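Worksheet: the structure to be examined is printed underneath.
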Amino acid sequence: MNKQQTLILAIETSCDETSVSVIKNGTEILSNTVLSQIESHKRFGGVVPEIASRHHVEGITTTIDTALQTANVTMNDINAIAVTQGPGLIGALLIGINAAKALAFAYDLPLIPVHHIAGHIYANHLETPLTFPLMALIVSGGHTELVYMKNHLNFEVIGETRDDAVGEAYDKVARTIDLPYPGGPQIDQLAAKGEDTYQFPRVWLEKGSYDFSFSGLKSAVINQLHNQRQKGQEIVPENVATSFQNSVVEVLTTKAIHACKAYNVKRLIVAGGVASNRGLRESIAKQCEDNQIQLTIPTPKLCTDNAAMIGAAGHYLYLAGIRSDMSMNGKNNIDIEDFSIETLS
Ligand code: KG4
Ligand code: ZN
């Protein structure tokens, strides 16, 4: 492999996917190996942190080997190691961080800390290069944010959820209609078959606010179903799914478009696990077309957690000279603004 090219080995273990990727020059995916733990967590109805850590320990070494083999490179070809520093489950993060430290030490390579949400944003860059200024709508299991970016690695959070993340709301509502974890994709599938019979509330908050709130909607769904069950009324899961999804999608789409207009931005990107939602993709695509905003959303396998996105963001941090030493620690709750290049350097 030509050393003129920059090859980043990236590691992501913030939640329930053990993933390792080799990324060339920040955009080309040579490999993106993802070992999912979903089957293990399913029986508990959600991610159990201790089990997640154990699976990461069991899987990290083979996942690194597989990613290198798939990319057809060896550790001697790699220029730097990028790893998710946070946010995420601390025990899970530490497995990836310690593997990254061991490799950086053994092969004398730079160690680069990456913010998980910056990774989700940079998943877009793997398909269509980011252009600035842009607005990023982050919708994942742990986060719901609108992030304004003037340039590479420059993050300004202009709105965020005040309670539940949107993916979390999806998973909780799914549980109330007996769908297995993770419920988001299941609700998405059902929503395509149902009707909006419930007209659940849309939570806009104060005029002009780009913040979100989903706990009221979640409670409205739970209360409605509870009342119907008590009265012995039939519940049609498809209609619950469509009604819930319509409420979520309308709020996310409207706020994202308003934010683009207010910040005079002509480029919107959507990122995070919920970005693979078909209802959201359709609604946002239509609104962007009507408002002449360029939209990019990664293919579904790059929306959910993976190491390729960490490698893409890691590449720019590498070019900017950002490095960690061996004292690097996991940070379970770190703001993306603290990861702006101005703050880091
Ligand atoms: O980004 P991600 O893989 O992990 C976090 O960083 O949180 O997102 C996982 C979340 C889960 O809540 C899952 O239910 C949701 O994304 N999700 C979806 C869809 N696919 C995944 N939610 C709605 N529709 C989908 N198609
Ligand atoms: Zn994620």
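Just so you know, glycine gets a Cβ as well, placed from its N, Cα and C.
The Fe cation binding site annotation in TrEMBL covers H116, H120, D305. What TrEMBL records for I138, V139, S140, G141, G142, D171, G184, D188, N277 is substrate binding site. The annotation domain 'Gcp-like' is assigned in TrEMBL to 28-311.
Locations of recorded TrEMBL features on the structure.
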| residue | record | Cβ contacts under 8 Å, 6 or more apart |
| --- | --- | --- |
| H116 | Fe cation binding site | E12, S14, T84, G86, P87, G88, D305, I310 |
| H120 | Fe cation binding site | I138, S140, A271, G272, C303, M309 |
| G142 | substrate binding site | C15, P87, G88, A165, G167, E168 |
| G184 | substrate binding site | G141, G167, Y170, D171, A174, G273, V274, N277 |
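Set side by side, the binding-site residues S140, N277 differ in how many other CB atoms lie within 10 angstroms of their CB, and the most is found at N277.
Taken in sequence order, the binding-site residues I138, S140, G184, D305 that lie near ligand 2, meaning a CB under 6 Å from one of its atoms, are S140, D305. Following the DSSP three-state reduction, the secondary structure of G184 (substrate binding site) is helix. Looking at the domain 'Gcp-like' (28-311) alone, the prediction's average pLDDT is 96. Excluding H116, H120, D305 themselves, the residues of that chain whose CB lies within 8 A of the CB mean position for the Fe cation site are, in sequence, E12, S14, C15, T84, I117, G119, S140, G272, N306, M309, I310.
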